[in-house]
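Record features (TrEMBL):
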- 1-27: region 'Disordered' (REGION)
- 72-91: transmembrane segment (TRANSMEM)
- 73-480: domain 'Major facilitator superfamily (MFS) profile' (DOMAIN)
- 111-131: transmembrane segment (TRANSMEM)
- 138-157: transmembrane segment (TRANSMEM)
- 225-247: transmembrane segment (TRANSMEM)
- 279-299: transmembrane segment (TRANSMEM)
- 319-340: transmembrane segment (TRANSMEM)
- 347-366: transmembrane segment (TRANSMEM)
Amino acid sequence: MSNKESKPQVEQVENIPSDQRQDDNFSEKEYNEIHADKRNIFSRIKDSIYTKPEKTQNAWHLLTNLNNTQRITFAAAFFGWTLDAFDFFSVSLSATRIAETYGVQPSDVTSAITTTLMLRPIGALIFGALADKFGRRWPLMIDIVLFSIINMASGFAPNLQTFIGLRAVFGIAMGGEWGLGASLALETLPVEARGLFSGIYQQGYACGYLLATLVNYAVTQTNSTWRILFWVGAGFAILAVIIRIWVPESETFVRQVHARKILGRSIWKELKTAIRLHWLRMIYMVILMAFMNFFSHGSQDLYPTFLLSQLGYTSTEQTVTGVIMNVGAIVGGTIFGYFSNYFGRRFILCFCAVCAGAFIPLWVYAPNIHSLQFGAFIMQFFVQGAWGVIPAHINELSPDAFRGLMPGLAYQLGNLISAASSQIEATIGEKYPLRNSDGTFKLNSKGQHIADYGKTQAIFMGCVCGCLFITAIVGKEERNKDFNQNLTQDQQNNHIGPDEIKAHEVEQGLSSSHL
């Protein structure tokens, strides 16, 4: 955290004569603190999340001023996250057709989404622990190959039970991708470019959704089976593996391993220290990620079904809307990620939560298709705008020795809490279907009730926006933290080399900040 952010936000009284103060017995510091307590509550909230922006750097310069190692590392992480999202959204985009194949309701198919989300923390724990023990590179390679093989098998599932079982195993493999990829990429990139590339990295999620939407459109237009979506996703893994062959190990991890060897300290001892010092921060990270996942899954997972089942859009109209909303996501995530380096991570989160809430009516109740598509664009512009901050924000909050484990684990535990988002929306929407003006239920061409997914999504997202705003306000941030700063600064202060690192200095590095 910068010095500007760490100073108390109090009014200065240097220019106030002593005879105008209420009590000369107070010191200047005490007077400032008392006077600050009288300020308007809204000003105090504003000051807690907003600081005067720093001078911005040219975004194009940040994009082009990377070396080859940084470029290939970021490309590998980005493509892996894109592939991850493609595989995940293959279910939500084809939920209606999968339900028809297996003779069940769409809400039964969305239980596969819930199962996948629920088991992702196990993958985050396994692959995150491996990453902090053995490095980021090889666990990422193993992870992407594993979840792609399982994804291929999902396309051959003969019944819903088998399909859900495979998606459960897929969730375990999928859980390791985001945290490891984000840690490896952000540890490699320069600090001044972190916000911009955080936003770009996170939009691999939107790019995966966009790619899945386009493949799904091709499948529906050719009357092909939905299973092709899963087979195509598995095929993309070959390219991802080839790219990752050229990715070197994280320099930050190499430094940490070197320090452990010198100190004779095991990773498990460091884990105990990190939990003792940062348990409250870890809980906060999970809560924040829970609301962030409610934010994204609540606005995305059921939206294709809403367009088809409730509004009666054609598959072409659904695809066009999906493309538009994901373009909004990519633009928003990149822009807000970039500006979070200067305005602050939490300020951007609060701003996006408020703006997304304001556009909920246009997102679900627009009078025609064009205004609805504009609403979808704006909604994802702010939803993924907030998400563009998260890779940098969560990695900065994580203890240095466990940056492979903690970001992914917090993210996936948040996913676990929000796992039932689409199922909650679908079930409630089906329980309270649309009615005609005379009170009778509206029926589709098959004589079935039309679920009111729109109202359910609107209420759900309104609650999430409010909760996310509050959660962002009460937290802390360590914007633009140097991931190697603790170790190198200790060495500089004591005029010692890397072979003379002291135990108490690493301990200090672990406890450099608290929630």
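Keep in mind that glycine also has a Cβ here, set from the backbone N, Cα and C atoms.
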Could you check if the transmembrane segment (225-247) is in contact with the transmembrane segment (279-299), meaning 3+ Cβ pairs under 8 Å among residue pairs at least 6 apart in sequence?
no
Which range wins on Cβ pairs under 8 Å with the transmembrane segment (347-366): 72-91, 111-131, 138-157, 279-299?
279-299
Quick check: do the transmembrane segment (72-91) and the transmembrane segment (138-157) share at least 3 Cβ pairs under 8 Å, counting only pairs 6+ apart in sequence?
yes
The transmembrane segment (111-131): which same-chain residues, six or more beyond its ends, come within Cβ distance under 8 Å?
88, 91-92, 139-140, 142-143, 160, 163-164, 167-180, 183, 253, 293, 297, 301, 402, 404-406, 408-409, 411-413, 415-416, 418-420, 422-423
To what whole number does the mean pLDDT across the domain 'Major facilitator superfamily (MFS) profile' (73-480) round?
86
